[in-house]
Amino acid sequence: CVSGSLATNQTKVFKLIIPSQLISLSGGREQRELTCFTTLGKDLMYDSIGRQGSNILHGNIDQLGSYSECISARAPAGSFNGQYCKLKVQQGGIDFHVAICMPSSCKNEDVIKAEELGILKYKNRSFLSFSPMPLFRVTNATYGVKSVHCHSISPRIDMFVGVCMYVSPFSAAEVFDWMLTCFAIQKSVPSVLSTETSTGSYSVINGIRVLSLLWIISGHMCQFILFNNLDNPLEWLRTIPNNVFYIVSLGGPFYLAVDTFFLISGLLSARTLLNMSDRSREGLSFRILRDYVIKRLQRILPLYLYTMCLLIGLYSLIPWRSVGENSKSHLEKCKQSWWTNLLFLNNFISVDQHCMGWTWYLANDFQFYITTPVFIFLRRQLMVTLAGLVLLSCFMVTALISWFFKLPIGLHSDSRLISHRVYNVQYYLKPYCRYGPFLIGILLGILMHRRETPLLTTKAPVLVGWLCALLIMAVVIALGYTLDDSIASYSVVSVLYQALHRSVWAASVGWIILACEEGYGGFVRSLLSCRVWVPLANLSYACYLVHPAVIDIYNGLQETLLHYTDINMFYLFIGHTVLTHAAGFALCVLVEIPIQALRRHIRT
């Protein structure tokens, strides 16, 4: 792995002998003499190698060793240093990781070849000879290395990263005084922190939006940690479904808060288009539709693209640690599929390699957004008929997909989903399975905008509506606990739940909005329309874009696995929430609001 003579020192720690098979690793095209280490900082390299620990029955099977100890090792002559490498090993159908420390000049293929030849040894003892997985956990002692990932301590900045790091959102400003006016912090900060709401806005939406975002942050925090960073994932999977924290651990039955956002987006899209049509003498013309789409793009694209470039730059510079390979892989994914984000097609194209995977929501939302004029244009009877047919079609498609793939309704505890990503690829990301809540929002927006008299006039139907809405929401969450969605006992009930639960949840939230706006919200309306929610709601879009990166960076900088306890999860949630809103505030003040102000200056 090191070109040149063998490094020597009086204190020899261990020695790897590279046979002639490794002299050429490029099919004869490149000859290089590979000589590995005899000494590196005494015992550092061998001591940093991963070894089997305790708590195996609760899922602590990864052997991560010590990242910092490995990279701190240096050759006596300074010709190379330690490089942290993770081997993905499979034994008895179980995948786990074993870390070893190799010279920095070794590549992934060198490590694989050395393992195949059985020369990863210290004093004739293989690094992997200690029975990687105890036989009380698996029935097969035979193991095989599936892949190797070596961490480079130096950042890799290529042309793609360089361009993204130096993209400036301010290039559109051609006049210096415009720049001073638009990008003045003393104007941006009051705009973000303002508690005033626009005339005619729905006051309770701010509270719903903020609480839904907190629910999503909690779910993403638990999801990211569960799949990559826990030393007791089996205990987590066994404990959480019987724990009240299940409601916030994966967003309840998997991110119902996202469906709340779809409902709000549908409601606001209908109101926006109807207001534009009312202000125009032409009615619903082509110009109105053009402005309707352009306004949406101007609202979401600048901050979206800036955040993407910002994260690409950050991810290329961050010194990822022992469990950071998944975080680091985002950079390569963005190089391949950034254009799908730009076209809002990342929920269909390159789904397994999408850049900023959480932005599938924006793709769905924009695709839904451009369907709103169809329902606005139609007469009432045709609109109701079409909406009913579309909802029925969405239910049937979702039911068929759920039945065919036996999709679970809650926790992703089934290994078939982790390995094949069936749930996400076939169902979770697809607009034809997620359109129901948005369509309900469109219908609610049309109903509330066109009403000439109050829709709710007596207390009896209001009381029935509140009871039904709260009962439905409770049942949707409770069934996530109780339904058996295993492959062996998959039933029609599970299929119906999968097909309907998101839309009925959205309908219940829609009732809350309607009742509160009609003056029948009581304490709920007072809580959700409190002015304290307004500044936080102003940050919600920026926070949504950046919060997975905040969680991902924290996880990727860990050298050891985290241990699940309720108090640990709570403290992590508080920390991620605070840092997310701090980052969102910075993005709003420095990027989003100035760009929107610049756009208004250019138009005038």
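Note that Cβ sites are derived from N, Cα and C of the backbone, with glycine treated the same way.
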Candidate ranges 359-376, 503-520 [criterion: TrEMBL lists as transmembrane segment]: 503-520
Distant-in-sequence neighbours of the transmembrane segment (425-448), which means Cβ under 8 A and at least six residues beyond its ends: 202, 254, 259-260, 262-271, 274, 347-348, 351-352, 360, 364-365, 367-368, 372, 375-376, 383, 387, 390-391, 393-395, 397-398, 401-402, 405, 407, 455, 498, 502-503, 505-507, 510, 513-514, 517
Most Cβ pairs under 8 Å with the transmembrane segment (532-550), selected from 208-226, 460-483, 503-520: 208-226
Model confidence over the domain 'Nose resistant-to-fluoxetine protein N-terminal' (32-146) (mean pLDDT, whole number): 72
Cβ contacts the transmembrane segment (300-318)/the transmembrane segment (570-593), at least three under 8 Å, sequence gap 6 or more: yes
Surrounding residues of the transmembrane segment (208-226) on its own chain - C-beta under 8 Å, 6+ positions past either end: 233, 236-237, 248-252, 254-258, 260-261, 264, 358, 412, 509, 512-513, 528, 533, 536-537, 540, 543-544, 547-548, 551-552, 555, 562, 564, 569, 572-573, 576-577, 580
